[in-house]
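Below: one structure, written as structure tokens.
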């Protein structure tokens with residue numbers, strides 16, 4: 001518990017402290033990374049002060065600072081994309097969980113009478129996002145200890161927290177991705193707890209947290225068949241059963257238990273949809289599901305991995321060793337029929353990047369790095385386990401640590417320089433995506449040039 005609290009506390013202070021430093025010194029004055037996160041900033045306020053999810057009281061305040069781009073003078077009565085107008089009410093167009101989870105951070109300051117203004121909400125939202133990501137790191141460490149030595153689990157946790165887009169993006173705003181990662185890790189942790197203890201309630205609770213992940217971000221629903229497979233695999237491994245009617249019954253029991261865990265989240269979704277949205281057609285993603293799969297294969301898929309400005313392997317080169325981990329896992333499975341869970345994690349990563357790669361905005365819009373792949377970061381880091389547990393790790397340890405160092409530097413660059421300037425200069429939108437493949441005009445090169453300019457001015 002002491003190590004868990006230490007990781008959470010250190011990560012929380014680091015995430016928040018780095019942002020506060022660049023913000024107060026004027027290095028990066030972008031306080032809110034995206035309008036996507038605005039509703040989540042206000043949900044704790046409306047729940048605590050008014051007992052509602054509607055943002056009606058604060059809608060004029062939000063609209064004044066972040067109006068609809070086609071109605072900046074507010075004469076057409078257009079509602080910005082991040083809200084939905086339901087009758088005379090305004091509610092988040094996006095899932096509510098990130099805001100709801102942030103209520104404990106907001107509670108005491110608001111109870112003590114903290115004024116509702118932008119500066120205060122910016123501080124509270126940054127504290128909340130940093131804490132959510134820090135908690136994910138703490139639980140990831142507990143998960144990692146089940147798979148490797150405590151020392152290596154600590155290294156993997158460091159990578160998860162600081163050598164990925166968690167540092168410059170997920171931990172710096174109330175994105176949906178932060179709570180998705182948290183609930184995915186908790187769900188996995190409970191499945192591994194089942195593997196160790198054979199307690200069936202762990203499978204059910206794993207489903208509960210998986211349901212919360214789906215409630216937080218619908219794309220997490222892609223995980224369901226894989227988590228069912230993982231639960232069945234752990235059951236087969238624990239019971240050492242060969243295929244039989246009894247074994248099949250046991251496997252179905254575990255699968256149904258996991259799926260049953262999703263019921264509370266499904267019930268909550270149906271309740272708040274009926275009470276606040278009136279119909280599912282008013283949900284923010286409802287109008288996009290059938291029409292926004294516009295990116296041809298393999299453009300988006302390759303972009304998620306290799307784009308100079310959005311690629312996983314470009315922004316976090318440490319994940320080159322995750323590919324090594326996949327190779328080793330396949331090798332171990334062929335030889336010993338072991339390490340099946342890593343094959344499942346590989347399938348999750350591949351499926352997610354294939355499907356999200358066909359989404360219109362696979363590159364994540366105005367955001368730093370591979371935002372649309374950040375949901376699968378827990379699995380990408382877990383795929384490092386076969387590598388760090390192998391003799392190969394010690395042979396190339398220096399190269400591995402160098403990629404960790406570079407990945408952290410890129411994250412720090414995001415903290416310092418992600419302010420929308422690069423997007424404003426080169427972002428030509430979805431219909432013309434050459435800007436996402438330019439090395440010369442890539443975000444990293446652009447930021448390096450900015451850094452050199454600033455250093456020359458200082459010198």
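Residue 1 is the first one shown; counting continues down the chain.
Glycine residues also receive a Cβ, built from the backbone N, Cα and C atoms like all the rest.
Looking at 121-141, 226-246, 289-309, the stretch flagged in TrEMBL as transmembrane segment turns out to be 121-141. Looking at 68-87, 368-387, the range tied to transmembrane segment in TrEMBL is 368-387. According to TrEMBL, the feature transmembrane segment maps to residues 90-109, out of the candidate ranges 30-49, 90-109. Feature annotation (TrEMBL): of 153-169, 425-441, the stretch labelled transmembrane segment is 153-169.
Sequence-distant contacts of the transmembrane segment (312-330) (same chain, at least 6 residues past either end, Cβ-Cβ under 8 Å): 159, 163-165, 304-306, 339, 342-343, 346, 353, 369-370, 373, 380-381, 383-387, 390, 392, 400, 403-404, 406-407, 410, 444. 121-141 is the stretch from 121-141, 175-193, 342-362 with the greatest number of Cβ pairs below 8 Å to the transmembrane segment (153-169). Using a cut-off of 8 Å between Cβ atoms, the transmembrane segment (368-387) and the transmembrane segment (175-193) share at least three residue pairs, counting only pairs 6 or more apart in sequence. Under the criterion of 3 or more C-beta pairs below 8 Å, with sequence separation of 6 or more, the transmembrane segment (121-141) and the transmembrane segment (6-24) qualify as touching.
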